[in-house]
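Q: Take this structure, written in C-alpha cells, and hold onto it; I'll ask about it next.
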Amino acid sequence: MSNFEQFHFDFYQSNYTIDDQEESYNSYDSNENLSGSRKSQTGEQPPASAFAQSEMLLSSQSYMGQILQPTYSPDTLSHLSYTDEFDEEPPLLEELGINFEHIWQKTLTVLNPMKPADGSIMNETDLTGPMVFCLALGATLLLAGKVHFGYVYGMSAIGCLAMHALLNLMSIPGVSHGCVASVLGYCLLPMVILSSAAVVFSLQGTLGTLLTLFIIGWCSWSASKIFTSALAMEGQQLLIAYPCALLYGLFALLTVF
C-alpha cells in the first residue's frame, strides 16, 4: 500500500504555486482593464450604423415629394417638355395633307355641276381623291375585261401637262401642276360611273352613245366650272370646257371600246 500511496502522491503533485496564481490574477486584471478601455473608446465613437441612419434621415428630410409623386430635376423637366411637344404634334393625316372634309366637298361639287365651286378649296393640291378615282376607273375597266391601267395613267399625265400650259396662257395669276391634276382627277368621277355601267351592259348602242356624251359633258362642265372659280376666269368657261371635253373623250373611248 505504501507504493500505491507514493504513486498517488506523485501523480497529483504539480508545480503550481501561489506566485503563479498571483501572476495569472494580475494578468487577468490587466486584460480586463484593456478590454474596458477599448469598450470606453468604442463607446465614445458612434457605430457605422448610426451614420447610415443619420444619412437616411437627412435624405428623407431633403426629399419633398410624395409617394408615387417624385420631385423632378431640370433634366426630367426638359424631357417632360419634349414629350409634351410630341403630344402636341398634328395627326398623321393632317401632315400628309389628307382632309376628308375637303375631299367630300370637292366630290359633291363634281357630282352637282350646278353647285358653285369654292375656289379656295379647289385651289389645293389634293391628290388623294384623284388617285382613288383613277384606281376605281382602272378597276371597273378590269371588271369589263379591259386592262388599261397604263393608258389611264399615261393619258392623265399628258392631259394634266397640256391643261397646265393652256391655263397658264389664259389666266393672269397662273396655276400649279398640283391644282390642275387635282381638279381633273376629281372630275373623273362621272367617268367611273360610266365604266361601272359598261360592266353591266354594252355602251356601243344608241343608249350607250347618248350616255357617253352626257358623261363627257358632265366631266368637262364640272372641270371648267372649278377652273373658272379658282382662277377668276369669268366668261371663259366654254373655252376651258372644250379642251376638257377632248381629254375626257379619250377616257370615254377606253370605256366604250
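Each Cβ is built from the backbone N, Cα and C atoms, and glycine gets one as well.
The following feature annotations were taken from TrEMBL:
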- 23-51: region 'Disordered' (REGION)
- 23-44: compositional bias 'Polar residues' (COMPBIAS)
- 112-253: domain 'Yip1' (DOMAIN)
- 127-144: transmembrane segment (TRANSMEM)
- 150-167: transmembrane segment (TRANSMEM)
- 179-201: transmembrane segment (TRANSMEM)
- 207-227: transmembrane segment (TRANSMEM)
- 239-256: transmembrane segment (TRANSMEM)
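What's the neighbourhood like for these features in this structure?
A: Within its own chain, the transmembrane segment (150-167) is flanked in space by residues 130, 134, 137-138, 141, 174-177, 180-181, 184-185, 188, 227, 231, 240, 243-244, 247, 250-251, 254, which lie at least six positions past its ends and keep a Cβ under 8 Å from the stretch.
Beyond the ends of the transmembrane segment (207-227), by six or more residues, the same chain brings 109-110, 113, 116-117, 122, 167, 175, 183-184, 186-188, 190-191, 193-194, 197-198, 201, 233, 237-238, 240-242, 244-245, 247-249, 252, 255-256 to within a C-beta distance below 8 angstroms of the stretch.
Long-range contacts of the transmembrane segment (239-256) within the same chain, counting only residues at least 6 positions beyond its ends with a Cβ under 8 Å from a Cβ of the stretch, are 137, 141, 146, 148, 151-152, 155, 159, 162-163, 166-167, 170, 184, 187-188, 191, 194-195, 198, 203-204, 208, 212, 215-217, 219-221, 223-224, 227-228, 233.
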Q: Average the pLDDT scores across the domain 'Yip1' (112-253) and report the rounded value.
A: 89
Q: Tell me the residue counts in helix, strand and coil for the domain 'Yip1' (112-253), as DSSP assigns them.
A: 107 helix, 0 strand, 35 coil
Q: Sequence-remote contacts (6 or more beyond its ends) of the transmembrane segment (179-201), Cβ cut-off under 8 Å?
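A: Same-chain contacts beyond the flanks: 106-107, 109-111, 122-127, 129-131, 133-134, 136-137, 140-141, 143-144, 156, 159-160, 163-164, 167, 208, 211-212, 215, 218-220, 222-223, 226-227, 230, 244, 247-248, 251-252, 255-256.
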